[in-house]
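Undergrad: Below is the structure I would like to discuss, written out as structure tokens.
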Amino acid sequence: MKIIHTPAGVLHQTALPVEKVDKKVKELLIEMAKTLNRQKDPEGVGLAAPQVGVSKQIFLIKPRADSTPQAFINPKILGTAYNVPRNTKRKSDPKRKTLDMERDIKKKERVQLEGCLSIPKIWGEVKRPDKVKIKWLEESGREHTEWFEGFPAVVIQHEMDHLHGILFTKHVIEQKNPLYREENGELVEFEI
């Protein structure tokens, strides 16, 4: 199974829902897992079905090199959040507390240098919530709902974007962050 690169049309379209978790879907998951596990430079941490030319709402995540890819079928984000500690100080000044919480939220935005197997050697910083609640079908067809946080939450949001035809570079540009090109093992900033 080969990873396709931009500007392939399937990468810019909304993927279709999976009607039934059948043998064909399970075979696709196996092939996608093999493809993800083969990625070494850079190591892949996620792979969406559109990245292998299949317009289906399926993705895998593998946030650690030693982890087994986890499948998400027909996923839906139910909510996002920030790990904001409760501010118990300054109870007497509600206005000040709000300002502190806003500052804390900005601190807890997860700014992650992201790349994509479908856009080789291009990187950019993307701000995303550091917690995400997601509902999906497992490989068995059973529905599951769970909160993820930290790096797995970032990977899930990146892969969800693929299912909606959005590439990470769109967020980089919208957030006015720099883009980098990998040249001779170094990241060099460039403009579009």
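Here the Cβ of each residue, glycine as well, is placed from N, Cα and C on the backbone.
In case it helps, TrEMBL gives these features for our protein:
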type     : residues         : note
BINDING  : C116, H158, H162 : Fe cation binding site
ACT_SITE : E159             : active site
Undergrad: So how many other Cβ atoms are close to H162 (Fe cation binding site), meaning within 10 Å of its Cβ?
TA: 24
Undergrad: Which residues, in sequence order, are found in the same chain with Cβ within 8 Å of the centroid defined by the Cβ atoms of C116, H158, H162 at the Fe cation site, excluding those residues themselves?
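TA: Not counting the recorded site residues, we get G46, A48, Q51, E114, L117, S118, E159, D161, L167, F168.
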Undergrad: Measure the Cβ-based neighbour count of H158 (Fe cation binding site), defined as the other Cβ atoms within 10 Å of its Cβ.
TA: 24
Undergrad: Using Cβ-Cβ distances, find the residues under 8 Å from C116 (Fe cation binding site) that belong to the same chain and are at least 6 apart in sequence, listing them in sequence order.
TA: I122, H158, L167, F168, T169
Undergrad: What does DSSP call C116 (Fe cation binding site) in the simple three-state scheme?
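TA: Looking at the DSSP assignment, C116 (Fe cation binding site) belongs to a strand.
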